[in-house]
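According to Swiss-Prot, the protein carries these features:
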- 1-28: transit peptide (TRANSIT)
- 76-110: repeat 'PPR 1' (REPEAT)
- 111-136: repeat 'PPR 2' (REPEAT)
- 137-171: repeat 'PPR 3' (REPEAT)
- 172-198: repeat 'PPR 4' (REPEAT)
- 199-229: repeat 'PPR 5' (REPEAT)
- 298-334: repeat 'PPR 8' (REPEAT)
- 338-364: repeat 'PPR 9' (REPEAT)
- 399-429: repeat 'PPR 11' (REPEAT)
- 465-495: repeat 'PPR 13' (REPEAT)
- 533-567: repeat 'PPR 15' (REPEAT)
- 568-598: repeat 'PPR 16' (REPEAT)
- 604-634: repeat 'PPR 17' (REPEAT)
- 639-718: region 'Type E motif' (REGION)
- 719-749: region 'Type E(+) motif' (REGION)
Amino acid sequence: MRALCVKKVCGFLSKLSLRSSISCRRYYGDKIPNYGSYRRGFSNEEALILRRLSEGGLVHARHLLDKIPQRGSINRVVYWTSLLSKYAKTGYLDEARVLFEVMPERNIVTCNAMLTGYVKCRRMNEAWTLFREMPKNVVSWTVMLTALCDDGRSEDAVELFDEMPERNVVSWNTLVTGLIRNGDMEKAKQVFDAMPSRDVVSWNAMIKGYIENDGMEEAKLLFGDMSEKNVVTWTSMVYGYCRYGDVREAYRLFCEMPERNIVSWTAMISGFAWNELYREALMLFLEMKKDVDAVSPNGETLISLAYACGGLGVEFRRLGEQLHAQVISNGWETVDHDGRLAKSLVHMYASSGLIASAQSLLNESFDLQSCNIIINRYLKNGDLERAETLFERVKSLHDKVSWTSMIDGYLEAGDVSRAFGLFQKLHDKDGVTWTVMISGLVQNELFAEAASLLSDMVRCGLKPLNSTYSVLLSSAGATSNLDQGKHIHCVIAKTTACYDPDLILQNSLVSMYAKCGAIEDAYEIFAKMVQKDTVSWNSMIMGLSHHGLADKALNLFKEMLDSGKKPNSVTFLGVLSACSHSGLITRGLELFKAMKETYSIQPGIDHYISMIDLLGRAGKLKEAEEFISALPFTPDHTVYGALLGLCGLNWRDKDAEGIAERAAMRLLELDPVNAPGHVALCNVYAGLGRHDMEKEMRKEMGIKGVKKTPGCSWVVVNGRANVFLSGDKSASEAAQMVLPIFCGNEMLEEEEEKPLSLCHC
């Protein structure tokens, strides 16, 4: 009995909860199919009107409208207008248009609602037709102004603005914002200056525009001129400073903010993360959570935190897992409307070495960008097999990013043939793909093939990237192939309009000419450079130093300091090398001291070896040995190898034999089969006439199996480098190649009997 009673009560409550829906169905009958689909977001009567409008039942729709009672003080036309706007915003524009036609009454607000619906749905022909026929106010004109700006028709927008019979601050702001959005900052500034009155929105629009169009200095000036700032203003400036890398100033401004919202916090957290200050990003997030007026993170906050956790690497992988757990437990994944949060989590796991977790996320929701992230991580770990397996899933899509990643992976592994095979199969290759292939050929020392591929790239109608040229110039410099370097320089001049003064490219040209022995050409390019960075100065100083032009190198170093550029460790390596090759001991010691004390640059092992070389070349072997004894670290084989080599140069020094033997003993303790060390000691003994010791050392080399790597030389003929090893029987072939180039065939016949001397490296 009790069970029956409970059942009846439950049935009653169920019926009661459905009374409204049932009564509607009884009144209109069950002839309306898919009634439920029209209920989403609408009341019963709104859904029924929408259905009738959709079916063309205008009489029924009008009947329903007339039956709607006046709701309190709300006029019926206001309600109808609100309903029309609601239909238009939710995608039922045709139904909204029919409603507009059947409405018993309309006013200008109704017309503006319909006009806005047309514009938002990009039905511009209908929008213009209505605009021409309807009564207009400032809102109507502003709606059409927005439409023109959204279409990128800035000039038409300005013309329409000039025709407006009346304007308000919203109209002015709409035009300013539209011009900025279309990249016309100059015109936007003119309109901004002409505004009769400005509000904070006007100022914020200009500040944001300057920040996004490389005008941070102008944004700073406007920010300083503003009498009234709001949270948007402050947040824009924080974002701007972070965007341009001045995180310290961004944080100072953030701390001064009178109020903050989630966007402000996120701007600063993101700024830390994108500038690789990952710990600071996480610490600021914790501070945000402790704030009295704590705010919930949004999607951008979580994305930045995920990248910060990934940036901290393997050691902080647990932190990333905790973040993911928080995302799930707090339901934050529901804010990931565009999938960017999921991608950032994949990146986080991949960067932290938890590739299985990244792969698991990918399997839950496959995404091409996430797939590329994991492929890159597999390749970085040298796991070609897993990268290939994942690549097979996206191979048919011919996505350039994934294909280029695999090409790069094969090249890194030295598998040039597979890389080139994939390169040839990829349709619609872009400049990045070509550059990766060319760079890989250079990396695998296939310099002629790399230069040939550049020619193919140009023939295909693609303009090489500056990075492409830089790679090839680097290869020309590495092989001292001046002809190839000049050829690339000519291609640059032909393919780059008005010779784009790219700093990296100019630096590469300076370096290439210097390494190829054309120091005057290098200096000519350097002297014409409008902008010079530290790399520019370093390339030229190193070039002069390697050519034995110590005075010019040191004078250029002084010019660099006078220009306000700060030297770095590479700069000092160049000037110390210059001093070493010219025997300028006092100057070298002064520079070494200034490096540490004046510029607070910690010397590296190369700097210490330069100082050893400086002392040794000046014949001060004992001082060089004492210098090594005072080093702030335990010397390795390169240090003792340098000293041993200097003993070979100074074998006449009375201390040479003892120093050489001590250096060799330490060197061979560290590296028992070090070939250069054995050979250097043999040379010292030979110079001193100690042939018995030399013979003993060579015998020891034989027992240990120590073999000196033969020196090599090369000559470029018809664009191809021909390499010859020391002691190679093909030396006569080298003679046949080189002599016609320098002497001509007739001279070759005359000099046929004379031996050919080649430079070895």
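Here the Cβ of each residue, glycine as well, is placed from N, Cα and C on the backbone.
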Mind checking which residues reach the repeat 'PPR 9' (338-364)? Cβ under 8 Å, same chain, six or more beyond either end.
299, 302-303, 306-307, 309-314, 316-317, 320-321, 323-324, 327, 332, 370-371, 373-374, 376-378, 381, 386, 390
Six or more residues out from either end of the repeat 'PPR 13' (465-495), which same-chain residues have a Cβ under 8 Å from its Cβ atoms?
431-432, 434-435, 438-439, 442, 447, 450-451, 454, 457-458, 502, 504-505, 508-509, 511-518, 714, 716, 719, 721
Go through the chain and flag residues at least 6 beyond the ends of the repeat 'PPR 3' (137-171) whose CB is under 8 A from any CB in it; none is fine as an answer.
108, 111-112, 115-116, 119, 124, 127-128, 131, 177-179, 181-182, 184, 187, 195, 197-199, 201-202
What else in the chain is close to the repeat 'PPR 16' (568-598), if you only count residues 6 or more beyond its ends and a Cβ gap under 8 Å?
534, 537-538, 541-542, 544-546, 548-551, 553-554, 557, 560, 604, 606-607, 610-611, 613-615, 617-618, 620
